[in-house]
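Report on one structure; see the data block that follows.
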Amino acid sequence: MSVMVARKKVVRKWEKLPGRNTFCCDGRIMMARQKGIFYLTLFLILGTCALFFAFECRYLAVQLSPAIPVFAAVLFLFAMATLLRTSFSDPGVIPRALPDEAAFIEMEIEATNGTVPQGQRPPPRIKNFQINNQIVKLKYCYTCKIFRPPRASHCSICDNCVERFDHHCPWVGNCVGKRNYRYFYLFILSLSLLTIYIFTFNIVYVALKSLKIGFLNTLKETPGTYPSTSLTVLTVLEVLICFFTLWSVVGLTGFHTFLVALNQTTNEDIKGSWTGKNRVQNPYSHGNIVKNCCEVLCGPLPPSVLDRRGILQQEESTAQEESCQRGPSTQEPTAAQGAGGQAEESSAQQKDGSLPHPSAVPAPSLSNAEMPEEKQLTSGELPVPSQDAGQAEH
């Protein structure tokens, strides 16, 4: 006997989200699919700091101050925390329109623009929005089927509209937007300080060693655990990494400091949104550097609108075979027992071949119309055995 059982399968919303993102830890971690350069970032930071803590820090702590490795550890932990927070968080992705919402928006656009003759290009889909007495255009996203909010843009790499889109950073493996920009800025700021710190004390280490044993002897010195590798070679490697990192990271930090002071994004700066030919003023700037920095770096962080770990329940119908073994006394009439609902004679017999008790055999059900006139019953009456039947038994 097959029974259809409806089983509920719990599905999280992140499993059905469109776009080119990867999720880990049941939707708690959200990143872009291209993560190769992010792993390179981790390798450079961890490798350089490991060499610094393993060799130079011990000598500098003894010769100068034990606070040197402590402050370096604080900078390292802060840089790693802000990096992971930037890489593993939702940058401010805007959900795509549902099919009903997209159809409604299309109807509104068609009603506004009218029918476009064949062969002509349809007008751009934009809406005007006023911010601080200035008109800002809201553009329509043909992929997400929505009018993007102010300062939002569609990332071609992640295939999502991101609120207050700044840029897509492959070094952190994620987009930089409204919900993680402050952590991105703190990351590059702390990484710049950490790079300058390691670079400076690497030079101090070589200088102190050279004063004691000479520069040439310093170059020939080898650590006890790595006799085949010159200790100065490792130091020079750290200096080279820090030197080339300084030009990029420190320059990037200065550029974003300029943007934060103006309350402007990288996307707006590249496009020249507020410095073009029209000379339109930035409606988001407060005209004060302190207020702009407080809004960007210290303002309230908006919650994610994706609800990645929300539950979507889907029902799956599965057929299960159940073998129901019942005794003869509990069998019920089925369609195979005949049109009258009577059981076959073989099913009424017990295993030992004897007939069962009359009470165990289901009596044929006859309607009042089929019964003789003297045996027709009204509802609620019980049949009474006739006297002829009683005399026959005697």
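Any Cβ shown, glycine's included, is placed from N, Cα and C.
Any TrEMBL annotation is an automated prediction that lacks curation.
For 37-55 (among others), the entry in TrEMBL reads transmembrane segment. Listed by sequence, the residues of this chain that lie at least six past the ends of the transmembrane segment (37-55) yet keep a Cβ under 8 A from its Cβ atoms are 31, 69, 72-73, 76, 79-80, 83, 87, 170-173, 191, 194, 198, 201-202, 223, 231, 234-235, 237-238, 241-242, 245.
The annotation transmembrane segment is assigned in TrEMBL to 67-84 (among others). Within its own chain, the transmembrane segment (67-84) is flanked in space by residues 41-42, 45, 49, 52-53, 57-58, 60-61, 172, 183-184, 186-187, 190-191, 193-194, 197-198, 201, which lie at least six positions past its ends and keep a Cβ under 8 Å from the stretch.
If you take every residue in the domain 'Palmitoyltransferase DHHC' (137-271) and average the pLDDT, you get 84. Marked as domain 'Palmitoyltransferase DHHC' by TrEMBL: 137-271.
Sequence-distant neighbours of the transmembrane segment (183-208) (same chain, 6+ residues past either end, Cβ-Cβ under 8 Å): 45, 48-49, 52, 56, 59-60, 63-64, 68, 71-72, 75-76, 78-79, 82-83, 85-86, 89, 166, 169, 172, 176, 215, 218, 232, 235, 238-239, 242-243, 245-246, 249-250, 252-253, 256-257, 260, 296-297. Annotated transmembrane segment per TrEMBL: 183-208 (among others), in sequence order.
Residues or ranges marked as transmembrane segment in TrEMBL: 228-250 (among others).
The compositional bias 'Polar residues' annotation in TrEMBL covers 315-334.
For 315-394, the entry in TrEMBL reads region 'Disordered'.
Taking DSSP states H, G and I as helix and E and B as strand, the domain 'Palmitoyltransferase DHHC' (137-271) has 77 helix, 19 strand, 39 coil.
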